[in-house]
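J.: These came from Swiss-Prot, pasted as-is:
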type    : residues       : note
BINDING : 20, 23, 38, 41 : Zn(2+) binding site
DOMAIN  : 16-270         : domain 'CoA carboxyltransferase N-terminal'
ZN_FING : 20-41          : zinc finger
């Protein structure tokens, strides 16, 4: 008898499809578009700072600032420097936030974009320093500030130094505000921990993308502490909008236009 030739299973490249975390459908990458929105349920996929820049600011208007700042690893935390180096190599980023200036339909602003691909955009000394310097620069140059937040919280490898960044950035936000300048925050998934407890919620206007997770501690931690069952979806942008913690939920495709209008209305710089 002749042996039947085994049928070879074709290999499908990993990057060809993406599974939607919300509806669980397998989506052809090209169908997600530049905005990375699920065509089935309209879930907003998490995107990198580079992808965010491509869909949000005018052409080549972004001018990066405050690069090359490095953590001194204050606790000599085991394998921390190795983790930083590996993440930098993988993402092409120096740190969890990209800072600079950019234009939104001709409206110039100081801009920061946090990237959850970099150690979950945890806030350490470098993130704190870059954002603080951005606010100080914006105050000197009379520029509004726009920040896209995303974070898992404070960076545990830097201990109390990471927590100190909450007060440090908040003080810079206050000085910028005292100068009569506009500050806009856009909360993206997830915005949690010390970032939520400080500058993410200090904007003059607070926008959020649909279904963004926003909170300080996790649901289980809160329920264990208060010994109560919390409402379904209480840490989602829609719940926070209903209770007055967020000013508006804006579709990713509408963000650039919305930001430009707000900057123009609040005396943005041209």
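Here the Cβ of each residue, glycine as well, is placed from N, Cα and C on the backbone.
Buried or exposed, and what's around them? Tell me for each listed feature.
T.: Under DSSP, residue 23 (Zn(2+) binding site) is assigned to coil, being neither helix nor strand in the three-state scheme.
Per-residue pLDDT, averaged over the domain 'CoA carboxyltransferase N-terminal' (16-270), rounds to 94.
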J.: If you take the centroid of the Cβ atoms of 20, 23, 38, 41, the listed Zn(2+) site, which other residues of that chain have their Cβ within 8 Å of it?
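T.: So the additional residues around the site are 21, 22, 24, 25, 27, 39, 40, 42, 43.
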